[in-house]
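Here's the structure, in structure tokens; my notes come after.
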Amino acid sequence: MSLIIDLLTREDTCASSNDYNGDHWNARISSIFVVLIGSAFGSFFPILSSRYSFIRLPNWCFFITKFFGSGVIVATAFIHLLSPASDNLGDECLGEPFTLYPFAFGICLITLMMLFFAELVAYRYMEAKLGGFDVDTEQPTHTHSHFGDSELFVKNAGHEHNDKQFAAQLLNVSILEFGIVFHSIFVGLTLAISGKEFTTLYIVVVFHQLFEGLGLGTRIALIDWPKNKRLTPWLLAFGYTLCTPIAIGIGLGVRNTYVNGSRTALITNGVFDSVSSGILIYTGLIELMAHEFLFGDEFKGVGGLKKMCWAYLVMCCGAGLMALLGRWA
């Protein structure tokens, strides 16, 4: 603990001011509400579409949204989290030990391994509590109510909810939201105090939040929520919707005092981005890619290979577009 305090309080030779220049004040205020709307649309729309027939879209739309969102999440982990984390923790002004070791990648690796261990413990706990839960054969992330199936909007009255599958899915989506929300907070702070690049960053952040929201919202909507948890999907979407606008508001409030290039800010942002990248890398590669493509039932049977190729192409488009946004944010 003393080492951490020393690293944070050591004489600051990094930046002493931020890029805020006072321009575009009205636009900065508007960004709170525009980002709020973009985040809300992305996260709530898949949930609403899965529940209400009057806004129901063709199944292929949800198929695209599902796998596009998977690509977005994977690209976010590498381009929007791990890369800036490496830049922050590798800044020359931090001095030793940051200049001697790639801490961002180390923290990401530790997070990934801890997350895997936590899931092992959680699954074994669920096995003991619920009984007979075979984690080797039953895939926790797959559900027969996925957007690619026509059964999404028609529930069989005789179908019983699978508690074991639900517990695993709830754990996975909670981990995913945790990683995304942490990242979104720093996105909002950065936008609020940005300088001459504000206009470009404004546009990019809106699309960034929209795409991430679609990825998260789709995964939330895929879960067959029991009646006693009927408010949970709305709360998860609501939490994502609010985090970035609130961060923008806080950033505007401390625009003259918060220095995102200071020693404390570089270390804090770098550590949190590293942790978030580990979470999203694990979730994206294991839960969203491996389980969906290799172990899920969606691509089995007649036409499965063709459907898988389309899903892979859509996922690549999502990853590519999100990676492109990394050019500006």
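Every residue gets a Cβ built from N, Cα and C, even glycine.
Just so you know, TrEMBL annotations never went through curation; they're auto-generated.
Database features, via TrEMBL:
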{"type": "TRANSMEM", "residues": "29-48", "note": "transmembrane segment"}
{"type": "TRANSMEM", "residues": "60-83", "note": "transmembrane segment"}
{"type": "TRANSMEM", "residues": "103-123", "note": "transmembrane segment"}
{"type": "TRANSMEM", "residues": "170-193", "note": "transmembrane segment"}
{"type": "TRANSMEM", "residues": "234-254", "note": "transmembrane segment"}
{"type": "TRANSMEM", "residues": "266-288", "note": "transmembrane segment"}
{"type": "TRANSMEM", "residues": "309-328", "note": "transmembrane segment"}
Long-range Cβ neighbours of the transmembrane segment (234-254) (under 8 Å; 6 or more residues past either end): 28-29, 31-33, 35-36, 39-40, 43-44, 47, 173-174, 177, 180-181, 184-193, 205, 209, 212-213, 216-217, 220
Segment proximity, the transmembrane segment (309-328) to the transmembrane segment (29-48), 3 or more C-beta pairs under 8 Å: no
Stretch-level contact, the transmembrane segment (170-193) and the transmembrane segment (60-83), CB cutoff 8 A, at least 3 pairs: yes
Recorded stretch, among 103-123, 266-288, 309-328, maximising Cβ pairs under 8 Å relative to the transmembrane segment (60-83): 309-328
